[in-house]
Amino acid sequence: MAHSGRPAYGNQNGAEQPQPYSNGPVQSSLMNSSHMTDGQAYNSWVPGVYSQQTSTKNPLHTSSGLYNYGGSQPVSSFSNYQGPGQTLNRPPTGSSLATIQPGPVAHMPPPLQNSAAVSASPGSYSSGVNFPAHSNWQYGQTPLNQPTTGSPANHFAHPAATAATQPLLSSSGNTNLPTSYHYVSSPGGPPVQNSYTKPGSVPLPLNPPTYSPVRPPLGPPPIGNPVSTQPSAPSTAPLGSIASQTVQNSATRQEGDATSTAIDGSLVQNNYDTIEGGGFPATANTPSAPQNLKTNRHVGSSYPSLPPGYQNASPPGALRMPSPGMQYPCGPQQFPQPAMGTNNLAASMSGLSLQPEGLRPINLLQDRNILPTTPLQAPIPNLHEDIQKLNCNPELFRCTLTNIPQTQALLNKAKLPLGLLLHPFKDLSQLPVVTSSTIVRCRSCRTYINPFVSFLDQRRWKCNLCYRVNDVPEEFMYNPVTRVYGEPHKRPEVQNATIEFMAPSEYMLRPPQPPVYLFVFDVSHNAIETGYLNTVCKTLLDNLELLPGNTRTKIGFITFDSTIHFYSLQEGLSQPQMLIVSDIEDVFIPMPENLLVNLNESKELIQDLLRTLPQMFTNSLETQSALGPALQAAFKLMSPTGGRISVFQTQLPSVGAGALKPREEPNQKASAKDIHLTPSTDFYKKLALDCSGQQVAVDLFLLSGQYSDLASLGCISRYSAGSVYYYQSYHHQQNPPLVEKLQKELKRYLTRKIGFEAVMRIRCTKGLSIHTFHGNFFVRSTDLLSLPNVNPDAGYAVQMSVEESLTDMQVVCFQSALLYTSSKGERRIRVHTLCLPVVNQLSDVYMGADVQAITGLLANMAVDRSVSASLSDARDALVNAVIDSLSAYRSSVLTIQQPGLMAPCSLRLFPLYILALLKQKAFQTGTNARLDDRIFTMCQVKNQPLVYLMLMMHPTLYRIDNLTDEGALNINDRTIPQAPILQLSVEKISRDGAYLMDAGSVMYLWIGKNCGQNFISHVLGVPNYASIPHNMAHLPELDTTESSRVLAFISWLREQRPFFPTLYIIREESPWKPIFLQNMIEDRTESALSYYEFLLHIQQQVNK
């Protein structure tokens, strides 16, 4: 329902601020090309070359209707907001984008032999002919995923990135089976039932098994020839009001230098985009005029943490997949398939998982106790049970709408955002890993074969994204699990929505890089005062053996104040040798061959350095910080190999390149205007892009009690796929809880798995389009995300639209593929595939709404709106998202109009979650929140998987002074008591109880003044309430039942996340009491409405 006076949150995002670099997709005037093969791609032997970008402005559209939330300002609507983040318009058919390939290049696969069937990738164009953009091409960013236990069948790991194009497979002329198969469990999990090694070949059976249809067919019926791609109209409006920019492609400099020639004269690929494979059809269409595509400036403000190593251990609480033997229902499809459009969906989908309960109208003003007492689960898609049990786990891959609208018009009418939230590299206790010489992919759109394809017969399968009919390679006919020939539909690739492939050499641009770790330490006087160096060096020393890697692992160290100090760790030296470079204006690397050394060969020198480093600068009086030059030196040192830079900083950089000046005005309350959320310099962004081009990621650890301009410094991590850690007011004596937090989180950071030189692509069914990405990465070309490092704690999000009507489709699918190098030097591809039904009724769209995923996506969009426009504009747009969706529900779905504020059951928590978002540090106003605090919270929004984001946004509250073993969980011989979740209101707090608030990165234990003496003495270990220390931050381990229960419960909560939440014990007079009360979302605060007042405001707007 349109409201007058509010700028529509449609395709415009407010004022644009041009910036010299964009983290958006690489876009340029489209180059035409005549005869193309997959091997033709732009050469990028020059490292770190980035094309220039120009900004274009888009006017804001305004409509009527004001929302005066804390003031009377025009309000933007979020309903169809396709906002900042990294935004792309899908390329019009007949055009395509050239690719920037800044990374190192080597060992490319030979060009494909069958040029007629080659699928040209998006970066492979010289002048001549434009290729039509395949309509299933998606430009997306990985989403944040919320683990849930709602769908028992969805125990699949989440695939995340696409791999490179490989020579096309032929089913003729090759009857030899592969020489070896390895189907093994992922690191850390129990052995997979179907482990096997197949040496040699197996004779072909005389009578191959016949096919019998078992599960309902997916997609439209086959019609003779493969479905051709229909041209679609180019997108007309940019998605968001951030500076839209075009990037000049390297083709403008080297026209035609699209391939390299090997010594033997053969063509080799030198482009990650070509290797991964795009979504273009194999044949060229008539050339069309080049067009400029537009992209948003902000790719997102998320800072994913970098995974240190591909380890075989999974943390407690890691997702478990059912054993393969239990989840392989047979899935051959009948040929020909009956036509099954969306009208037949209800009849064919007999096993409904989603009950009409999702549509039950609820009066929010009357039913106020709507918060469930157990964690909210993701809705289960309305699919046939045989299909649903093969679907991807929502912890890994989650969509905001589990019923996909048939048309964009229907989506617009629902006023809900359509997008995906991903957690692609999540730790999994069990993951099917397939080693085979053949990775089967669609010859047109390069989709990996998955459980939702259709087998027309034994020799042909139809792609579930573009509907092309492909041949089944001879090698794929043999099922290594059952050791039977002629059952391709029973292979692991077709029975698991999450799977990992060991990639052959075609998926490598160069030999896999070794794990390389470089540590950069601030050793200025301020840094030494905090005492952080002792903690970091000791933690690193303790975990040196656990760094992910192999015999090739390298390590190095740099320290800096106003000068830069290198450390030679050459084998044969009796002690480390310091080399000082004082010329910070023109940084150079002294003795580069001895600064990054093999960890095993120089282990004793490294240990000596870590023991002596904290004492070396004890008496330093140097107060200056040359962070910029230190990062330049680190980049030069790491460029030849790639790897991870971990930089520790304690103050505002003050000298050399990248020096910054204070922008925060102390003691000024944060208003919605004049907050410096944008970087003050583009130095760190440019350097991050150079790092990304050389496969280097930078992780920033900021330990500062003063303003450090995180808005500027954070760019070094955001655009290089790094992570940001922030420890406000860190001091080894004055803030012990932060010391413990740094120790625990640094240990996790150092020892978790890591993927190097990664790229990720998200594909989806023809007719859907991905246009905006959120997360930490650089978009290398149109839809290929460059991730120099990928870690298991990072989440991503993408926004989508329905570009063409899905009328003939019963279901749609999404697939993410993550191509990376493990710390053991293996090239791997992790693939996740999600299948969802298509609906043509507005009521069905609401019934399948995933309120947590919707809130997570809106939070990402609001961060971008805050940076591109203003904080008040973002706040208003969040409120309007609620108003618009509930207005549309009231006017179009409710059959009987009722008084009050009506919402479908599926969206009953939507107003509560949006209010919670408005009260978080990222978006709150009228408080003394530090600017760096606000920026860091925004970083977390953009970087955290959905489950952690929801916890940070809407904490959970438990009463724990009456824990019992009733209903307890039994995990690894431990009894974990369970407590019901309470509403976040002081109404639920009793002075005679003890309450634990879990806010994600911090926990608060509130002790009521009249709390039972039993709890105080048996859990807190003090004689009475008055004896509880004001700064108590630890619970003692006491030999009492009450103590063991509380400690078990808190430990269990902590184990479920990769970061370490500090615990603060709060009494009535505690200094932390205001923060605890601030998280009482449903209560009124000085600057924000209570939940009930917020509902009244929403009702007033809806009823206009």
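Numbers here mean position along the shown chain, with the first residue as 1.
Glycine is treated like the rest: Cβ placed from N, Cα and C.
Heads up, TrEMBL stuff is auto-annotated, nobody curated it.
The compositional bias 'Polar residues' feature in TrEMBL is assigned to 10-42 (among others).
Residues or ranges marked as compositional bias 'Polar residues' in TrEMBL: 77-99 (among others).
According to TrEMBL, the compositional bias 'Polar residues' annotation covers 113-125 (among others).
As annotated by TrEMBL, compositional bias 'Polar residues' applies to 137-151 (among others).
For 205-224, the entry in TrEMBL reads compositional bias 'Pro residues'.
The annotation compositional bias 'Polar residues' is assigned in TrEMBL to 283-304 (among others).
Helix, strand and coil counts under DSSP for the domain 'Zinc finger Sec23/Sec24-type' (439-475) come to 2 helix, 12 strand, 23 coil. Residues or ranges marked as domain 'Zinc finger Sec23/Sec24-type' in TrEMBL: 439-475.
TrEMBL lists 512-749 with the feature domain 'Sec23/Sec24 trunk'.
When the domain 'Sec23/Sec24 beta-sandwich' (755-839) is classified with DSSP, helix, strand and coil residues number 0 helix, 60 strand, 25 coil. Annotation source TrEMBL lists domain 'Sec23/Sec24 beta-sandwich' at 755-839.
Helix first, then strand, then coil: DSSP counts for the domain 'Sec23/Sec24 helical' (850-950) stand at 70 helix, 3 strand, 28 coil. According to TrEMBL, the feature domain 'Sec23/Sec24 helical' maps to 850-950.
In the predicted model, the domain 'Gelsolin-like' (977-1046) has a mean pLDDT of 92. Feature annotation from TrEMBL assigns domain 'Gelsolin-like' to 977-1046.
Sequence annotations record features per position, and here TrEMBL assigns region 'Disordered' to 1-42 (among others).
Annotation source TrEMBL lists region 'Disordered' at 77-125 (among others).
What TrEMBL records for 137-156 (among others) is region 'Disordered'.
According to TrEMBL, the feature region 'Disordered' maps to 179-240 (among others).
Look at TrEMBL and you will find 246-265 (among others) tagged as region 'Disordered'.
Ranked by the number of CB pairs under 8 Å to the domain 'Sec23/Sec24 beta-sandwich' (755-839), the listed stretches 439-475, 512-749, 850-950, 977-1046 are led by 512-749. Secondary structure of the domain 'Gelsolin-like' (977-1046) per DSSP (helix as H, G, I; strand as E, B; remaining residues coil): 20 helix, 13 strand, 37 coil.
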